Amino acid sequence: MGDKGTRVFKKASPNGKLTVYLGKRDFVDHIDLVDPVDGVVLVDPEYLKERRVYVTLTCAFRYGREDLDVLGLTFRKDLFVANVQSFPPAPEDKKPLTRLQERLIKKLGEHAYPFTFEIPPNLPCSVTLQPGPEDTGKACGVDYEVKAFCAENLEEKIHKRNSVRLVIRKVQYAPERPGPQPTAETTRQFLMSDKPLHLEASLDKEIYYHGEPISVNVHVTNNTNKTVKKIKISVRQYADICLFNTAQYKCPVAMEEADDTVAPSSTFCKVYTLTPFLANNREKRGLALDGKLKHEDTNLASSTLLREGANREILGIIVSYKVKVKLVVSRGGDVAVELPFTLMHPKPKEEPLHREVPENQTPVDTNLIELDTNDDDIVFEDFARQRLKGMKDDKEEEENGTGSPQLNNR
């Protein structure tokens, strides 16, 4: 808890009768476990009457146009669905309250009901495929939705106006230990040349953070009688779509075409620097992002970290990155190598559980810190993410969505 209090995100149903409170919008996948989704739902007792309060968590893979669902075609696959009866609490759903839930119930009163979900670690991270200008419907990709509503049973049809829907994100952060420094080399023998051309390339490290420049060291030994006319460096994003059949889509996210030449019987060495940015790739249809294009906190999708023995069929979209170094050789074709690397966000620093106490000040009793200190120090914030300027302000962003590239047409 910092000096500014504990931030809690809230969202109300369109009819104003239900409000969901969550401590965060992004939940971290630590490879072996995932942060639990814990929160409370506040319900108007006059609206609830004799009904029950349900909360569901759904992980869905959307891969086509929703408006075609009326034709009997399904363009969505639910990878995971969990239901909790928040009130009255079902015995199998009853779990110990988290610290956040205790504080929220104390602040909001007796009509605030807790819910907790455990996300299995083998589920995919949140990824959106960037839409094209002609695309309509929800964005294609993997998303997680928390939905709260009142009903007599789970099968009852619920109008959107009477429910709260929140799209949360499952994210991964860069591992603390990077892999080995990426290096690659190849040798090409040409006709009419006694000696070969040798290309060697390396990156300065294996893990890069979003927005960080990538240094590519290129070394060419040209013992042939041919000339290297150009050197092309590109950073490519690969998205493996794992659903029924695995398909791979690749998209360049940073490129440099240098007019550097390497004459026959000579050597060449140079470091090239490229920085992949979403801002330079906003028009590319099918590019994998970690959020929606209209949100400020969206960037290129992070590399996917896989558990050993993970079932690829339910991993949705697996994202990876490679640097490609290509030599254009006169009358000899191209010579190329690829360097895989990891692109992610660094793991944020964890906030201390307790405030620092100056040496000349008597520390507060431990029990008071745990039970009473700052119980009212909660800052409520709307769940909706900050939009980029000029982006259309949807009234119900989870309902209307952005356009989606359709995988069946690609």
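Cβ from N, Cα, C; glycine included.
These features come from Swiss-Prot:
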| type | residues | note |
| --- | --- | --- |
| REGION | 1-163 | region 'Interaction with SRC' |
| REGION | 45-86 | region 'Interaction with CHRM2' |
| MOD_RES | Tyr47 | phosphotyrosine |
| BINDING | Lys250, Met255, Lys324, Lys326 | 1D-myo-inositol hexakisphosphate binding site |
| REGION | 318-410 | region 'Interaction with TRAF6' |
| MOTIF | 385-395 | motif '[DE]-X(1,2)-F-X-X-[FL]-X-X-X-R motif' |
| REGION | 389-410 | region 'Disordered' |
| COMPBIAS | 401-410 | compositional bias 'Polar residues' |
| MOD_RES | Ser404 | phosphoserine |
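Swiss-Prot feature annotations superimposed on the structure.
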{"residue": "Tyr47", "record": "phosphotyrosine", "Cβ neighbours (10 Å)": "14"}
{"residue": "Lys250", "record": "1D-myo-inositol hexakisphosphate binding site", "Cβ neighbours (10 Å)": "13"}
{"residue": "Met255", "record": "1D-myo-inositol hexakisphosphate binding site", "Cβ neighbours (10 Å)": "14"}
{"residue": "Lys324", "record": "1D-myo-inositol hexakisphosphate binding site", "Cβ neighbours (10 Å)": "19"}
{"residue": "Lys326", "record": "1D-myo-inositol hexakisphosphate binding site", "Cβ neighbours (10 Å)": "17"}
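For Tyr47 (phosphotyrosine), the nearest neighbour among the binding-site residues Lys250, Met255, Lys324, Lys326, judged by Cα separation, is Lys250. Summarising the 1D-myo-inositol hexakisphosphate site geometry, the residues cited as binding it (Lys250, Met255, Lys324, Lys326) extend over a maximum Cα to Cα distance of 16 Å.
Take the mean position of the Cβ atoms of Lys250, Met255, Lys324, Lys326, the recorded 1D-myo-inositol hexakisphosphate site; other residues of that chain with a Cβ within 8 Å of it are Lys232, Ile233, Ser234, Val235, Arg236, Pro252, Lys322, Val323.
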